[in-house]
Amino acid sequence: MASFTEINAITTSLILILLFTLPASTSARQQCDSASTGGCHDEAKSLQLKLIAIFSILVASMIGVCLPLFSRTIPALKPDRDLFVVIKAFASGVILATGYMHVLPDSFNDLMSDCLPINPWKKFPFTTFVAMLSAILTLMIDSFAMSYYKKHGFDKKGGGVDGEKVNNGERGLGNVENGGAHVGHCHGFNGGANDKDSMLLRNRVVAQVLEIGIVVHSVVIGLSMGASNNPCTIRPLIAALCFHQLFEGMGLGGCILQAEYGMKIKAILVFFFSTTTPFGIVLGIGLSNVYSESSPTALIVVGLLNASSAGLLNYMALVDLLAADFMGPKLQDSMRLQAWSFVAVLLGAGGMSLMAKWA
């Protein structure tokens with residue numbers, strides 16, 4: 001449960017940073033605010049749209065993340081079937097495009113804003129630098145978490161990870177899905193059932209780290225929408241974010257399914273993903289009098305957080321999701337399935353890239 005406490009701590013820390021550091025000088029705030037509204041300013045209409053957004057995004061998020069969790073009731077969507085692999089590839093493409101086409105450009109826009117001083121923000125590529133460090137940090141967390149759990153958190157009697165018992169009949173799921181790519185990383189176990197246990201352990205680490213990156217990104221999105229009083233911007237964002245959360249939730253839900261958690265931990269992961277964007281919107285509404293998304297401090301904090309989230313999401317999508325599956329035995333043994341999976345990745349990434357026009 002420590003990882004879920006960390007998620008909560010990260011979210012709380014973000015809120016505190018924004019609360020205590022966002023106020024900017026009045027003149028700078030007025031200049032940047034007037035440029036950002038573009039002549040479309042209506043607080044009453046904006047509030048109505050925000051309330052609609054809270055409900056719509058909550059429902060879309062819950063549907064997206066829960067769909068894979070109930071897929072076992074449909075034979076064609078069970079994790080060992082080809083259709084599940086193709087759908088997972090589509091969802092992985094969505095997560096990849098989220099990092100490259102949504103989060104990273106947002107960070108560039110924030111940190112290269114005219115509201116920030118030229119020195120140092122336009123003298124050094126902070127966005128790509130922070131994204132690179134974030135990817136390296138994610139690799140470190142990935143590696144150290146695997147090492148730690150193999151030494152301290154793994155139940156040698158066959159009970160799985162963190163004291164959670166795993167059904168022997170289902171434990172092979174991770175091995176079927178992720179195959180040899182992850183076996184190569186988990187060489188501390190010796191064949192057979194232990195390889196299956198190592199796959200399960202790997203899937204749990206992936207699910208938790210991916211959740212952290214998505215939660216941080218979701219709070220930032222919600223906060224920006226909640227603080228905005230520009231209905232011309234909010235209206236198209238609602239539909240775009242609903243689709244965004246739906247497909248991103250499918251990707252996360254597939255990871256949670258492969259992690260084979262108990263109902264309690266599944267519910268916690270679903271709750272965090274589904275509520276963080278609506279929570280960010282509520283927080284933004286409450287802070288709308290003191291929070292300005294175009295204030296220098298807000299631009300710096302949000303820009304750096306977006307860059308960190310982008311590095312994490314890009315690493316997870318490419319290394320832990322796409323490379324692990326495409327280099328695993330299931331796809332390597334079937335050129336036809338591999339081709340369909342590539343098509344699915346391109347469709348997922350392309351669809352989410354198209355959404356960048358509105359969100």
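In case you wondered, yes, glycine gets a Cβ from its N, Cα and C as well.
Features of the protein shown, as given by TrEMBL:
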- 1-28: signal peptide (SIGNAL)
- 52-71: transmembrane segment (TRANSMEM)
- 83-104: transmembrane segment (TRANSMEM)
- 124-149: transmembrane segment (TRANSMEM)
- 205-225: transmembrane segment (TRANSMEM)
- 237-257: transmembrane segment (TRANSMEM)
- 269-291: transmembrane segment (TRANSMEM)
- 297-318: transmembrane segment (TRANSMEM)
- 339-358: transmembrane segment (TRANSMEM)
Segment proximity, the transmembrane segment (297-318) to the transmembrane segment (83-104), 3 or more C-beta pairs under 8 Å: yes
Distal contacts, the transmembrane segment (237-257) - CB-CB under 8 A, six or more residues away: 49, 52-53, 56-57, 60-69, 71-72, 79, 84, 87-88, 90-92, 94-95, 98, 102, 203, 206-207, 210-211, 214, 218, 221, 225, 266, 269-270, 273-274, 277, 321, 348, 351-352, 355, 358-359
Stretch-level contact, the transmembrane segment (52-71) and the transmembrane segment (269-291), CB cutoff 8 A, at least 3 pairs: yes
Long-range environment of the transmembrane segment (205-225) - Cβ separation under 8 angstroms, sequence gap at least 6: 3-4, 6-7, 10-11, 14-15, 18, 50, 53, 57, 95, 98, 103, 138, 141-142, 145-146, 149, 234, 237, 241, 245, 248, 251-252, 255-256, 258-259, 261, 269, 272-273, 276-284, 287, 291, 293, 302, 305-306, 308-309, 312-313, 316, 320-321
